[in-house]
Amino acid sequence: MGSNESVRETTYIPMKNRRQGGFTPTFFIFGMMLLDNIGFVANMISFVVYFASVMHFDLAGAATNTTNFLGTAFLLTILGGFISDAYMTRLNTTLLFGILQLLGYLLLILQSHFQKLQPQPCGESTCVHGGKALLLYTSVYLTALGAGGIRGCIPALGADQFEQDDPKQSSKNISSFFNWFLLSITIGASIGVTIVVWVSANVGWDRGFIISIVCCFAGLCIVSMGKPFYRVRVPGESPLLRVLQVLVAAARNWSVQLPTDKHKLYEIQDRNVSPLTKQRLPHTQQFSVLDKAAVQTEGTDKQGKWRLCTVTQVEEVKILTRMMPILLSTIIMNTCLAQLQTISIQQGTLMDSSLGKFDVPAASIPVIPLVFMSVLIPIYEFLFVPVMRMITGHPTGITHLQRVGVGLVLSAISMAIAGAVEVKRKNEFNNHNHRTSLFWLSFHYAIFGIADMFTLVGLMEFFYSEAPAGMRSLSTSFSFLSLSIGYYLSSAFVELINSITSKLTSNKQGWLQGRDMNKNHIELFYWFLAILSLLNFGNYVFWANWYKYRKDGPIDEQKLLQPDLSVTMSMTSQQTISTSEGERKMEQN
């Protein structure tokens, strides 16, 4: 059953010239992300040192504050995605959050420049209090808010530039976009963890933050210059509100029986809808309890969307529900990533960091996986994908979920190697009084970099391609939400592991407790994460096999409610008979 009422759907502003859309406008996005990540990734890597050396936190406090900053930044991608889906264009949302990030950098510059705004060493776990603490956390979390908001909408802005009329070609273009998108991030990050980190450590933290704010401002200017070329999506109805309406309507109709004929579920049919609107979604059998939100009872069509929702709206919620196990299965990998950006950096401070006459900052060691990624992404795009496309026939070579799975396996291998490297480092230091070269860390860093190349891009492709058209920013930000939960979980893991192992060891000290890393058991923590990653991969394989991809391509609206020709002919015949009888009665009168 249906209704002739109109509905506000996802639309795009009609293109005024042929220059709009396609790959041309994405170069402005690539430029912006390259520049923005020079500062963001440099701070992401070196904040643990800044918190320890300038703000005088202990090692655990510095690591926790760093992971909390990163967890918050990636959690706030949800806010950026939500706003750009519902209230503002993606470009305007990017600029809004970019301004907030500039304010955060400005406060960081002030506090790092003036010593009277910095705490004095106190020998306690936390030395920053009062107004100085307020300034620190305001600057750090304004930066997190801005960076997170940008990352919540900018990937979807780029992917929106490709027409959806030809699903196969669109899939190839979007896959290529996300590969080059990651490459731009990688190049910017490489500059950040070398030049900016070195400037911060050797010239001054304020100078490093000045470079960050200049790059951020330049990036915002570049992405603004692309405005005449962008294919612009018109903000639609709040995606979170649509989800909530389905859940409330299904709860209200909990006692209502589902009709045996699915075509009796409520759907809007409006032949006058603009061709720019998205297609209606066909009904699926999975999570049928949600179908109660689309069951029409007497008078429900007059009680609003909180009592009756369309089949399309219900299917949107089903799609998001099906995505959740995939999202949750990638969290452990990002917990492992958090260790590389905290504990491994602290390991590097106890290793030989000389490269000839040049002293490499420990925080610059992540440049190794970034270099690997910078080389491998073009190889993946120009060699791996075409070869796999010929073998599998899939437009992107391998499916999104296969790509994510490869990354999960590599992350487990990386953690196992990290544990072995720590055993070697401790043995050399404790038994031979010799510092192992910093570049031993490059083995697990490089493997994890390759893992990140597969998983992060695979997730962004997956969430964008599978999401309903009106929820693509919000859905794409789910890939960063996985990062956020992984960072928060890292902090919880450290506390939990210390709590448990302190009761099991003979000296009553946890694996990661204390300031002396040469007496800790970081290698056991790494191997624990490796085993957990393998178990998680088995869990992921189950959910990846369970997941059913959306069927691409335009859907005939009439076929949604009428599955075969016989039904159509039967309904048409009944309508014809009813009309003829009505006409005869009118003639008799």
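In case you wondered, yes, glycine gets a Cβ from its N, Cα and C as well.
Listed features, source TrEMBL:
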TRANSMEM  26-49  transmembrane segment
TRANSMEM  69-88  transmembrane segment
TRANSMEM  95-114  transmembrane segment
TRANSMEM  134-157  transmembrane segment
TRANSMEM  177-201  transmembrane segment
TRANSMEM  207-225  transmembrane segment
TRANSMEM  326-343  transmembrane segment
TRANSMEM  363-383  transmembrane segment
TRANSMEM  404-423  transmembrane segment
TRANSMEM  443-464  transmembrane segment
TRANSMEM  485-504  transmembrane segment
TRANSMEM  524-543  transmembrane segment
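Below 8 A, the CB atoms of the transmembrane segment (404-423) and the transmembrane segment (524-543) form 3+ pairs separated by six or more positions in the chain. The largest share of C-beta pairs under 8 angstroms with the transmembrane segment (177-201) comes from 443-464, of the ranges 69-88, 326-343, 443-464. Touching of the transmembrane segment (69-88) and the transmembrane segment (485-504) is concluded from the presence of at least three CB pairs under 8 A, sequence neighbours closer than 6 excluded. Sequence-distant contacts of the transmembrane segment (134-157), counting only residues of its own chain at least 6 positions beyond either end whose CB sits under 8 Å from a CB of the stretch, comprise 29, 32-33, 36, 40, 43, 47, 55, 65, 69-70, 72-84, 90-91, 93-94, 96-108, 110-111, 117, 128, 178, 181, 223, 230, 460, 464, 472-474, 476-477, 480.
When each of 326-343, 443-464, 485-504 is scored by its Cβ pairs under 8 Å to the transmembrane segment (524-543), the top-ranked stretch turns out to be 326-343.
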